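Engineer: Handing you this structure, nothing more for now.
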Amino acid sequence: MASFLSLISAFMLSVVIFSGAVVARGDVLELGDADFDYLAAEHETMLVKFYAPWCGHCKKLAPDFETAASRLKGTVPLAKVDCTASPDTCGRFGVTGYPTLKIFRNGEDSSSYDGPRSADGIVHYMKKQAGPNSVTLRSEADVEAFVNHFDASVVGFFSGPDSAQLAEFLKAAGVMRDHFRFAHTINMTLGLKHGVDTESVLLFRPPRLSGKFEESVLRFTETITTHTLRRFIRDNIFGMCPHLTNENRDKLKGQDLLTAYYDLDYLRNPKGSNYWRNRVMKVGYQFASQGLSFAVANRRDFVDELEEEFGLGASNGGDLPFVTIRTQQGFKYTMREEFTRDGKSLERFLEDYFAGRLKRYIKSEPIPEKNKGPVKVVVAESFEEIVNDPEKDVLIEFYAPWCGHCKSLEPKYKELAEQLYSDPNIVIAKMDATANDVPQGFDVQGFPTIYFARADKKDQPKRYEVKSP
């Protein structure tokens, strides 16, 4: 075992990867070691992308980042730093992977950007970064205008500028402004319409999602602290069946989630958009206590995901919703029966899900007919048989066909496999992680990612980290 791992280490350290530079044009500012500090300090708020020209994820993000920069021009500047040309700046800010996005305020590293990476999502997120932490409301018209918004709103009603609870509210708003909308007033009469007679904080869910199954306005009843207010918002903001978008997807998908995808458009057809949502809520209400969350989404916003992750094309379903379930563990299920207007098909689907009768959907390439080479080709359907074979030590590379690092690694990886080919207890393998579902226990965030699965510890695969000599 020791000699095997030593051979792997020697092989990994012998890999040298070259990268080239790319000069970009547009509304994205280009900063580097020579000018980053003084140029960044000129802007109250700025979003900076740290990237490498060879990075596939960076290339994918680039068009959306450029579009967002153009739309945010004059409001919030967007900038980029090529870490292959400006390693000192990237090192100072702890950049270890690409792309890394950070928010800077007056030249200081304020926080990591954890918002969506679509153009619309970046614009929406960064507009929240401009302006005060909490908007001051002075009239009933101000209150109505603020809460009549696409997103949920958190509004505090306080007795005066010296209120201790107002001070705590503003402190919490400063911490959470990246994620939620805050406003406040010191005119208590503005809250009478909503039953406010003492200092209070109200959570207003988006008006378009109001319905008979839940309250549209919720009152926070605890003493205000950042912790208690964050918990209250987190537990209540989405309600029973929120509208899943590219902007809130990361928050919603950290749970077991059923989503109905259809031609949803709250701007042009709010009544029609709620038609199927009401049916999801009616059925979902029966299963509300069993740990599954519900959402609706515009299928046009998730065309690529539906096809790549669930095998559902644009022609599937017609005008009827697609229904999927994705669990926290990454297990995926699809409702193959048509969504009936009485909701009975959805009810049967959920009964089968909770009874464990559904077959998981697994995205997989076909199992290769011939697989006798030194590097075994693994697909999702053959992963259990090859990588989790309890009789063999397996080194598995997760790669992407477009990845420059992976291409540079390939000859060395094959050379290693050839040296170990005669050992019947060792397998050197690879899997295209863009065409196959990656099993639970293997965290693949970039390419190549290599894991070692020992014969006697298949439940504890070890990520291989390249160490400098």
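Positions of Cβ are set from backbone N, Cα and C atoms, glycine also.
So TrEMBL lists the following for this protein:
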SIGNAL    1-26  signal peptide
DOMAIN    2-131  domain 'Thioredoxin'
DISULFID  CYS55-CYS58  disulfide bond
DOMAIN    340-469  domain 'Thioredoxin'
DISULFID  CYS403-CYS406  disulfide bond
Engineer: Just how many other Cβ atoms lie inside 10 Å of the Cβ on CYS403 (disulfide bond)?
Structural biologist: 20
Engineer: Which numbers of helix, strand and coil residues does DSSP report for the domain 'Thioredoxin' (340-469)?
Structural biologist: 35 helix, 24 strand, 71 coil
Engineer: Cα-Cα, whole number of Å: CYS406 (disulfide bond) versus CYS58 (disulfide bond)?
Structural biologist: 16
Engineer: Fill in the CA-CA distance, CYS58 (disulfide bond) to CYS403 (disulfide bond), as an integer in Å.
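Structural biologist: Their Cα atoms are separated by 11 Å.
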Engineer: What are the helix, strand and coil residue counts for the domain 'Thioredoxin' (2-131) according to DSSP?
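Structural biologist: Counts, helix then strand then coil: 50 helix, 25 strand, 55 coil.
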Engineer: Sorted by position, what residues of the same chain at least six away from CYS55 (disulfide bond) have a C-beta under 8 A from it?
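Structural biologist: When sequence neighbours closer than 6 are ignored, CYS55 (disulfide bond) has TYR98, PRO99 within Cβ distance under 8 Å.
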Engineer: Once the chains shown are all counted, how many other Cβ atoms turn up within 10 Å of the Cβ of CYS58 (disulfide bond)?
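Structural biologist: Excluding its own Cβ, the number within 10 Å is 21.
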Engineer: How does the model score the domain 'Thioredoxin' (2-131) in terms of mean pLDDT?
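Structural biologist: In the predicted model, the domain 'Thioredoxin' (2-131) has a mean pLDDT of 84.
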